[in-house]
Amino acid sequence: MKSLVLLAILAALVVVTLCYGEQKEENFCFHIVSVLSLNWHHAQESHESMESYELNPFINRRNANIFISPQQRWRAKVQERIRERSKPVHELNREACDDYRLCERYAMVYGYNAAYNRYFRERRGAK
């Protein structure tokens, strides 16, 4: 708000300076003042910063997918289960490594395959 007031004061000083120097054209000051007032009016009515008029524009998780029909939701759940069952081995290994902090840190340096082999594969010679 302070910057807006300072900008208005600066604009007023510019108008006074230009109008004082230009006494030949009588309408020059009027044009400058009218343009500045129109810009000020549009800036006051701008709703770009307001995302919504609602009190709370966010909805809770329960109502987030209410626009999707129950049949589509059921299909999505089935597809997710199928994807979980048919994941490639390297992705399952990566998820297992992500759950274990030491494995995850090791993977950042040496890669997920090396980290999984180090922390989850049976060691040679161990029974």
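Here the Cβ of each residue, glycine as well, is placed from N, Cα and C on the backbone.
What TrEMBL says about a protein is an automatic prediction, not a curated fact.
What TrEMBL lists as signal peptide is 1-21. The Ca(2+) binding site feature in TrEMBL is assigned to Glu95. Residues or ranges marked as 4-carboxyglutamate by TrEMBL: Glu95. Per TrEMBL, disulfide bond is recorded for Cys97-Cys103.
Features per TrEMBL, on structure.
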residue: Glu95; record: Ca(2+) binding site; Cβ neighbours (10 Å): 11
residue: Cys97; record: disulfide bond; Cβ neighbours (10 Å): 25
residue: Cys103; record: disulfide bond; Cβ neighbours (10 Å): 20
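Put simply, the residue listed as 'Ca(2+) binding site' is 10 Å from Cys103 (disulfide bond) when counted between their Cα atoms. In the three-state DSSP scheme, Cys103 (disulfide bond) is classed as helix.
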